[in-house]
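Student: Okay, here's the structure, questions in a sec.
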């Protein structure tokens, strides 16, 4: 029997042996310096991962990348380049960290990939990248198939291939294709059933979200530019009560938002899903002019957030929706009354919200019964009383119990508090930011984070940036070589933030 190598054409064998050509391991293509350019050019759209074998983040991404490649096979190829073996290719495309993901079109670097890095997220994102910026529709069946989709659709109807508005539409589609679906036709008759009698762009909301409470098809009436079309889509695509997902959450949560969480499933149970959504919309339509937005979400998709942010266990609420409100200021409210099928409980909840009768939900540890130590323990429920005391300068550390840096700081922070304990105008405090809600004015991204809330300026807390570490003794009792002003405890003289009044 002939060996494997004997049946490979000589030219292909030489490529495989001498040029490090593409090798398929699983469904991710492996590209290198010798073959990247001509193989990448063969694909209209391709996602490429530039990586290093030793990189921990690369190893973590690898299984999801492989899974996505299998699911996208035949639609969008996924490839990878080992930058330790192919430094020239990585250098040409400006790869400086790992993993770096880029989208290529016909071999050209089109854009950085800024989508999710889970298998589902990659698949969802890259499906939108496949094919042209705008799909050409030639028959009415093409139009119906395109708009009958899980996501919204933007369709332009134009008089001919030389239309100036068509050119602007295609330009806008190329810019926004990562976020929205576009199609166009030069057969104006396709738009007759939707009332199109002149060049026009229509926004079709997803059929699954069709409701008697709002229009399913919206008309864009301005002159087409990327700016005007983007604004129109942004203002109308979600409608009165969109489906909140992990993909669109950031776009929806930049507003005062009421969300009803339940066992939402548009694939297996669209009728049951819309049963509750229609009740939210019916009640919400009564309050539509008061600045609150509405959404529905699958409880299973947000179980960790509901537990962390609202104290909701997996079994709370049963089969009924659990309703929350989160405002732009970060205030949180929960509907504790059971969601009734006639919507009356939701109506009462909203009436109380707009009347200012609801108590905010705050994640907080219990207020300590004894709090006489030099470092005052602050919890969410006592934050206003202690940190926002208008008569006192307050230095507060936000920490996590597991944080090693926080533990290293603790003895110095306590020593500082002891030396300032006799001054009634200064408070040294700390708060466990993992167990308590942190007010929005205090941006805590890591631990420890320390803020100074000055007396009389509580609306302007100042974050201290640690540039040097000093011993408390040195800072309190010695002058620095560059200033005659004592440095504020624990921090470098380079800080230009206000100091406690007794130390200026």
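Yeah, the Cβs are placed from backbone N, Cα and C, and that goes for glycine too.
Residues or ranges marked as signal peptide by TrEMBL: 1-26. Positions annotated as domain 'Thioredoxin' by TrEMBL: 2-131, 340-504. The disulfide bond annotation in TrEMBL covers 55-58, 403-406.
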Student: Quick check on the domain 'Thioredoxin' (2-131): DSSP residue counts for helix, strand, coil, in that order please.
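Tutor: Taking the domain 'Thioredoxin' (2-131) as a whole: 50 helix, 29 strand, 51 coil.
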Student: How far is it from residue 58 (disulfide bond) to residue 403 (disulfide bond), counting Cα to Cα, in Å?
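Tutor: Roughly 25 Å, rounded to the nearest whole number.
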Student: What mean pLDDT score does the domain 'Thioredoxin' (340-504) have in the model?
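Tutor: Across the residues of the domain 'Thioredoxin' (340-504) the model's pLDDT averages 79 on the 0 to 100 scale.
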Student: So how many other Cβ atoms are close to residue 403 (disulfide bond), meaning within 10 Å of its Cβ?
Tutor: 15
Student: Work out how many Å separate residue 403 (disulfide bond) and residue 55 (disulfide bond) at their Cα atoms, rounded off.
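Tutor: So the alpha carbons of residue 403 (disulfide bond) and residue 55 (disulfide bond) sit roughly 24 Å from each other.
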Student: How big is the Cα-to-Cα gap, in Å, between residue 406 (disulfide bond) and residue 55 (disulfide bond)?
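Tutor: Approximately 28 Å lies between the Cα of residue 406 (disulfide bond) and that of residue 55 (disulfide bond).
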Student: Non-local Cβ contacts of residue 55 (disulfide bond) (under 8 Å, 6 or more apart, same chain)?
Tutor: 98, 99
